[in-house]
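Visitor: Pasting the relevant annotations from TrEMBL:
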| type | residues | note |
| --- | --- | --- |
| DOMAIN | 2-382 | domain 'Serine hydroxymethyltransferase-like' |
| BINDING | LEU116, GLY120, HIS121, LEU122, SER353, PRO354, PHE355 | (6S)-5,6,7,8-tetrahydrofolate binding site |
| SITE | HIS224 | site 'Plays an important role in substrate specificity' |
| MOD_RES | LYS225 | N6-(pyridoxal phosphate)lysine |
| REGION | 347-368 | region 'Disordered' |
Amino acid sequence: MKDKEIEKLISQEKKRQRGVVNLIPSENYESEDVLKALGSVLDNKYAEGYPHKRYYGGQTYTDKVEDLARERALKLFKLAPKKWSVNVQPLSGSPANLAVYLATVPLGGKIMGMSLTNGGHLTHGQKVSMTGKVWQQIAYGVDSKSEVVNYIELEKLARKEKPALIVCGYTAYSRIVDFKKFRKIADACGALLMVDMSHFAGLVAGEAYPSPFPYADIITTTTHKTLRGPRGAMIFSKIDSRELNKKIDKAVFPGLQGGPHMSQIAAIAVALKEASNPNFKKYAKQVIKNAQALANELMRLGWKVVSGGTDSHLVLVDTWMGGAGISGTEAEARLERGGIICNKNTIPGETRSPFDPSGIRLGSPAETTRGKKEKDMIKIARKIDAILRK
Ligand code: DSN
């Protein structure tokens, strides 16, 4: 590179990434091929519109790239092209969720989503996000004892509030979501059901976590977490008389975005092909086994793991009440000094603040990509324990 300053920073970041244990559950390591597509000449091209209906000339190859990405996305999740549509243009998860609301919920309408402190995402209608300013969030949480979703309470709330759309699928929730129950609740109150599978998309692709496709109307996902692709997102929608797919396409472009990032779309296509390889199934299963090994060892060492374990790739640890009064911020900093990267996180029933919460969120996707197995995760849990108890 001619730009030595940036070259140096990239190489320092590479060294940093190699030198640490990465337990951030929403991060992963992309393959060389994904990075190659991302850094390709496709980035020079404007392609506003959709394949074969663009606003600029010169689309011979960009159309093929986007068609291929869409084809691979449907195939990976075993969806019939006549029944499901996919939009691969959202720049990331937040704009993808915003596009869905814009397409389906009247301005000021009700979106029922999990609160931030219980594991929901900002774009599930939290007040600080635009999604909570333009629409009204009907917040639900987890049961205070079991720390999992209480479907009976959820149904009562949904029947009372009659939201236009219900969102499930979270950023800090380690258990299996019962999509069938969510479908019944959505039907009982006449709401659309949207699943945000950003965190567990790779686990669904690898058949290690239940698929939301039989139950949801709309599914959003980022592509860079367990799916191990580039930063980006996709929106899947059912094709039927409601024309959700057409409304969503219009909301993405021209509603919210201009030119799609074609290099990103090519990199998504590469990642989708990689995820269809049988080895990816092994990866997805190992991700869960590794998270469970981490959670079990931490609990054996006396740490309070939210909900008493995990069914997925992430582990939420209460370091405050369950860890001799170490805040999440302090725990994150101490672990980083010890070479372990994680993020502070709120926990159900949070008594502190999102800036200095009561817990940390750990995850296994990145380290599993690096080949770690259960025995390695046990060692990592012991190191975490040693660092935090010092
Ligand atoms: N920032 C992502 C996460 O870490 O879960 C969600 O957008």
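If you go along the chain as it appears here, the first residue is 1 and each next one adds 1.
Glycine is treated like the rest: Cβ placed from N, Cα and C.
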Visitor: State the Cα to Cα distance, in Å, between HIS224 (site 'Plays an important role in substrate specificity') and LEU116 ((6S)-5,6,7,8-tetrahydrofolate binding site), rounded to an integer.
Guide: 21
Visitor: Please determine which of the binding-site residues listed here (GLY120, PRO354) has the lowest count of neighbouring CB atoms within 10 Å.
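Guide: PRO354, out of the binding-site residues GLY120, PRO354, has the fewest neighbouring Cβ atoms within 10 Å.
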Visitor: How big is the Cα-to-Cα gap, in Å, between LYS225 (N6-(pyridoxal phosphate)lysine) and GLY120 ((6S)-5,6,7,8-tetrahydrofolate binding site)?
Guide: 16
Visitor: Same-chain residues six or more away whose CB lies under 8 A from the CB of HIS121 ((6S)-5,6,7,8-tetrahydrofolate binding site)?
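Guide: Correct list: GLY93, ASN97, GLY113, TYR170, THR171, ASP196, SER198.
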Visitor: Given the (6S)-5,6,7,8-tetrahydrofolate binding site residues LEU116, GLY120, HIS121, LEU122, SER353, PRO354, PHE355 in the record, what is the largest Cα to Cα distance, rounded to whole Å?
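Guide: Largest pairwise Cα separation, rounded: 16 Å.
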Visitor: In the region 'Disordered' (347-368), how many residues does DSSP assign to helix, to strand and to coil?
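Guide: Residue counts for the region 'Disordered' (347-368) by secondary structure: 4 helix, 7 strand, 11 coil.
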Visitor: Let me check the 10 A CB neighbour count of SER353 ((6S)-5,6,7,8-tetrahydrofolate binding site). How many other CB atoms are there?
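Guide: I get 13 for this one.
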